[in-house]
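Only one structure is covered here, and it is reproduced in the block below.
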Amino acid sequence: MDHLPIFCQLRDRDCLIVGGGDVAERKARLLLEAGARLTVNALTFIPQFTVWANEGMLTLVEGPFDETLLDSCWLAIAATDDDTVNQRVSDAAESRRIFCNVVDAPKAASFIMPSIIDRSPLMVAVSSGGTSPVLARLLREKLESLLPQHLGQVARYAGQLRARVKKQFATMGERRRFWEKFFVNDRLAQSLANADEKAVNATTERLFSEPLDHRGEVVLVGAGPGDAGLLTLKGLQQIQQADIVVYDRLVSDDIMNLVRRDADRVFVGKRAGYHCVPQEEINQILLREAQKGKRVVRLKGGDPFIFGRGGEELETLCHAGIPFSVVPGITAASGCSAYSGIPLTHRDYAQSVRLVTGHLKTGGELDWENLAAEKQTLVFYMGLNQAATIQEKLIAFGMQADMPVALVENGTSVKQRVVHGVLTQLGELAQQVESPALIIVGRVVGLRDKLNWFSNH
């Protein structure tokens, strides 16, 4: 270990920054947030330092580096654009046994600054030992996405409850189970973020009163259309906290690789015309696992409330009294059209967009007359097997035969393929495409040649 990671208590302690530019300003901001009593020594200062000085937040000393300013300091930072001056600051601090950071010169420094994820009082620091700051920044960004913004409020509130938890739960095991429930309770976190004291108190009392082996909960998460980068931050957080993930075939391998490693996984792959697991059985799986006290994530491609049968699954849970929540996802229509260079609306071509299922219940019929109207875009989900019928019906109800159409296969993924033509070719084009695929009908498809960006990357 090249460096010992420590967290310094700097509140009301004297610290010195030498330098008055942008880099020094970023360092000063961190020290001020830590409550340091800050002095800044430089030949010139950018305006922000003057603002802080006028507000009494720090002291400015204009002029060359004055090493006597170090005499009362606990910590120093050299942040000038002059290597010679920075080395003088480092040497003067070293002679006084004061820790000193030298910006962009880790070998000249006695401490380095990590990349910080601030969820005070929870703090996470990431460092590459000064060898690769970019790598440390990338790791910090990844951790930022995993830690909810309101986590600090939850941690602070947990501190207020420690004595009560210790009094109510006799064993370490019981306390651990309580805290596990506490920290994954979305309702509590959201209530704290909204400063809803009434909801916070109600949720807290419920957590203390219910048995530790109480029924779990189900979170319905939209995984987006395929590209793992389109998974929402909240969706990522949920699959990282799951005890069990129930997923279908539209969830990509890249997204499944983000699931918590020790979570159980249940595949319930479905596609139009063939159900690997019947819907009623899926409903029962969710119910059964939640009743065991597990945190269940039902992971669905796209958005769970847009042709995802999410409402049906939640009705079962609702009837059984199982708590649930929903994390929306980017629906296939939005993702596939964007990655195909096809805007769903456009002032010149489409003032509305319709999302339509091509897989109806037996005896069902679409409103073809309205679907054939001008100035709109149609997006058919699960319509591949019905492409010839869609073509026939739209033409029969008055849509122009030369209306542009596109079929997007494996949208937003590296396997994405788009075939396009006109309405009279739709049935034929569908023979060239495999599921999962989306059908887009409308004048906006004609913009694809101009706006297609994804296949050019």
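Note: Cβ is positioned from N, Cα and C throughout, glycine not excepted.
Among the features that Swiss-Prot reports, region 'Precorrin-2 dehydrogenase /sirohydrochlorin ferrochelatase' is placed at 1-204, with the record citing sequence analysis.
Around the Cβ of V23 (NAD(+) binding site), the same chain contributes A79, V103, each under 8 angstroms and 6 or more positions distant in sequence. Taken from Swiss-Prot, the feature NAD(+) binding site covers D22, V23, L43, T44.
What Swiss-Prot records for 216-457 is region 'Uroporphyrinogen-III C-methyltransferase'.
The S-adenosyl-L-methionine binding site annotation in Swiss-Prot covers P225, G301, G302, D303, I306, T331, A332, M382, G411. Annotation note: G411 (S-adenosyl-L-methionine binding site) sits in a coil segment as assigned by DSSP.
Under the heading active site, proton acceptor, Swiss-Prot lists D248, citing sequence analysis as support. According to DSSP, D248 (active site, proton acceptor) sits in a coil region rather than a helix or strand. The number of other CB atoms found within 10 A of the CB of D248 (active site, proton acceptor), across every protein chain shown, is 20.
Summarising the annotation, Swiss-Prot assigns active site, proton donor to K270 and lists sequence analysis as the type of evidence.
Other than the site residues P225, G301, G302, D303, I306, T331, A332, M382, G411, same-chain residues with C-beta atoms no more than 8 angstroms from the centre of those residues' C-beta atoms, the S-adenosyl-L-methionine site, are G224, L250, F307, G308, G329, I330, A333, G335, C336, Y381, L438. When the Cα atoms are compared, D248 (active site, proton acceptor) and G302 (S-adenosyl-L-methionine binding site) turn out to be 11 Å apart.
Sequence-distant contacts (6 or more apart, same chain, Cβ under 8 Å) of D22 (NAD(+) binding site) comprise I46. Residues D22, V23, L43, T44 make up the record's NAD(+) site, and a Cβ search at 8 Å around their centroid adds G19, G20, G21, A24, E25, A42, F45, I46, A79, T80, D81 from the same chain. For A332 (S-adenosyl-L-methionine binding site), the same-chain residues that are 6 or more apart in sequence and have a Cβ closer than 8 Å to its Cβ are P225, G301, G302, Y381, G411, P436, L438. Per-residue pLDDT, averaged over the region 'Precorrin-2 dehydrogenase /sirohydrochlorin ferrochelatase' (1-204), rounds to 92. Long-range neighbours of L43 (NAD(+) binding site) (same chain, six or more residues apart, CB within less than 8 Å of its CB): G20, E62, G63, P64.
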